[in-house]
Amino acid sequence: MLSTAELNALAEEIRERLIEVVSQNGGHLASNLGVVELTIALHRIFTTPKDAIVWDVGHQSYTHKMLTGRRDRIDTIRTEGGLSGFPKPYESEHDAFVAGHASTSISAAMGLAEAKRQRGDDGYVIAVIGDGAFTGGMAYEGLNNAGKARGNLIIILNDNDMSISKSVGSVANYLSEIRTKPAYFRFKDSVSHLLERTPMVGRQIKDALVSSKSKLKTAIYHNTFFEDLGFDYLGPIDGHDIDMLCGALMRAKRISRPVLIHIATQKGKGYQKAEENPGAYHGVSSFDIEKGNPDISNEDSFSTAFGRALVGQAIKDPSICGITAAMKYGTGLQFFKHKYPNRFYDVGIAEEHAVTFASGLATGGLRPVFAVYSTFLQRCYDQIIHDVALQHAHLVLAIDRAGLVGQDGETHQGIYDVSMLQSVPTMTLYSPATYRELRHCLNACLYGEEGPCALRYPRGKEDGRLAFLDDLPCEDHHLFPGKKKGGKVVLTYGRIFAEVYPAAQKVGASVLKLTKLFPLGEDVCELLCSYKAVYFVEEGIRSGGVSERLASQLAESGYRGRIHIRAIEDGVIPQASVESTLAHLGMDEAGIARFLEQE
Ligand SMILES: Cc1ncc(C[n+]2csc(CCOP(=O)(O)OP(=O)(O)O)c2C)c(N)n1
Ligand SMILES: CC(=O)[C@@H](O)[C@H](O)COP(=O)(O)O
Ligand SMILES: [Mg+2]
């Protein structure tokens with residue numbers, strides 16, 4: 001058994017390795033540095049996989065991976081074929097549940113705990129959720145249910161007062177209130193502890209006190225929100241003190257009701273630059289440890305092009321509002337916030353709320369734009385149908401990270417949005433391939449369309465090969481004729497056009513590039529019908545995509561030519577660079593050229 005000093009030395013060693021590896025591979029540095037002691041304490045008191053740890057979002061699980069047999073492979077994290085940056089049960093039996101999206105841990109942990117109870121397994125299930133993830137609605141659905149849980153369930157609220165940016169909202173304020181009065185809560189906690197340890201009657205007195213409405217209770221046993229929901233609350237605890245953490249975890253193990261342990265940690269702990277600027281070190285690409293990571297949030301990308309374009313529109317139109325679900329920098333909305341703080345809303349990690357809130361703004365006469373990553377929009381399917389489309393509310397979804405995203409892997413790929421939105425009544429969707437097209441599409445969504453509108457664009461920068469598009473008019477679709485009239489035609493859209501166009505030139509095929517994906521005019525189908533073979537290339541899942549829909553329309557219209565579809569057949573696309581993934585999918589220039597050679 002390691003001594004406290006040895007455990008602290010282990011924490012230092014792990015920190016050094018984390019900084020080294022993330023500086024090379026990129027990753028979620030600040031979040032991982034903040035939970036080193038917590039992870040060590042968890043693995044000291046609990047034994048995985050018998051006990052299960054459910055990491056919320058999972059971006060902070062690197063130390064857990066190092067302590068569960070993956071230390072010698074940690075240098076492969078987030079690389080193709082290497083360890084995932086998120087928990088993956090297929091990677092290790094110590095990863096209890098898939099994660100990547102926020103606020104799911106309490107529900108998952110409760111399910112796992114209940115399953116253990118039903119199966120007579122006395123293992124514990126521990127959910128570790130950050131204060132950022134704690135702003136998501138699903139966390140409350142979980143808490144509401146879990147307060148009555150009968151399994152061995154422990155929730156650890158890792159409170160560092162930060163989401164990616166500063167945590168927002170009333171819950172954040174409430175947590176900060178608790179954090180700033182630790183002595184008061186510890187006094188309350190020690191009264192509760194004393195009662196628990198008093199032989200025979202202590203527990204009964206405590207239970208009677210908890211369920212009573214007496215003034216005595218409010219005097220000595222003031223409830224936190226969590227106790228009102230049925231949890232035993234332990235905290236706030238210094239999340240960098242391994243002894244204290246172990247003590248709290250041991251105690252939680254002995255309590256028969258669900259327990260919530262509230263720990264206070266520092267995001268970025270142990271690397272000064274990250275401590276000073278935890279937001280900039282939340283998710284980083286490779287960096288120089290000595291110099292640190294320059295702030296790249298203003299660097300040229302589709303996100304910043306969008307952010308600047310929105311400011312350009314908002315100067316002329318005071319009804320435009322900008323909304324983010326905790327992704328201000330990721331989506332380029334920092335410019336809008338800076339210029340129009342009163343029209344900017346960071347709603348926390350609450351995408352479903354953001355959509356319905358935007359619909360409320362629209363119904364009330366404003367022009368809301370919700371900027372959101374494609375992958376996180378997935379949880380808003382019902383809100384988009386029920387709260388937006390059915391009342392034809394005119395709002396704009398600016399869908400960032402559409403298509404392949406690279407190193408975050410399967411949980412973050414933006415490959416489902418086209419299929420999802422295609423089934424939404426009255427939805428309009430644009431897919432710009434360049435910054436200029438993005439500006440055009442944003443303008444069209446704001447002023448040229450009615451009802452729910454969206455534009456989708458990829459992670460990263462414009463492709464230099466597409467500079468020639470800047471000399472062409474921005475149209476809903478554009479035909480680039482091939483060598484032979486009526487020969488082969490390729491229909492495509494978005495970033496992948498940069499691969500398709502040169503491939504088509506090689507084989508002499510025409511290319512029909514869509515900028516507006518739906519609704520589509522009759523003319524598109526008519527045009528395709530004039531070719532002897534139609535090829536589709538789509539950087540999105542095949543099922544329910546544009547290719548499938550148009551192929552079925554062609555078939556219905558009696559088209560007799562050949563139809564070939566290249567789209568993503570298997571929706572689970574692991575981590576790798578976008579270039580490498582495109583090559584694997586046969587969607588790089590060479591792969592598409594081979595595809596077009598098929599007769
Ligand atoms: C549904 C969803 N929306 C947005 C994100 C992007 N995201 C990843 S981590 C994060 C902040 C998490 O903050 P917190 O839970 O407090 O963890 P910390 O990094 O502070 O430890 C956000 C917004 C996500 N993963 N899932
Ligand atoms: C963990 C998470 O969900 C985000 O931090 C995500 O990794 C951000 O990715 P980008 O680098 O594309 O902003
Ligand atoms: Mg946090």
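Including glycine, each Cβ sits where the backbone N, Cα and C put it.
Annotation note: His101 (thiamine diphosphate binding site) sits in a coil segment as assigned by DSSP. Per TrEMBL, the feature thiamine diphosphate binding site maps to His59, Gly100, His101, Ala102, Gly132, Ala133, Asn160, Tyr271, Glu351.
According to TrEMBL, the Mg(2+) binding site annotation covers Asp131, Asn160. For Asp131 (Mg(2+) binding site), the same-chain residues 6+ apart in sequence whose C-beta sits under 8 angstroms from its C-beta are Leu157, Asn158, Asp159, Asn160, Asp161, Met162, Ser163, Ser167, Val171, Ala172, Leu175.
Among the features that TrEMBL reports, domain 'Transketolase-like pyrimidine-binding' is placed at 300-464.
Across His59, Gly100, His101, Ala102, Gly132, Ala133, Asn160, Tyr271, Glu351, which the record gives as binding thiamine diphosphate, the greatest C-alpha separation is 32 Å.
When the binding-site residues His59, His101 are compared by the number of other CB atoms within 10 angstroms of each CB, His101 has the fewest. Here Gly132 (thiamine diphosphate binding site) comes close to Ala102, Met162, Ser163, Ile164, Ser167, Ala326, Gly348, Ile349: these same-chain residues lie at least six apart in sequence, with C-beta atoms under 8 angstroms from its C-beta. Taking the Cβ of Glu351 (thiamine diphosphate binding site) as centre and 10 Å as the limit, one finds 27 other Cβ atoms among all the protein chains shown.
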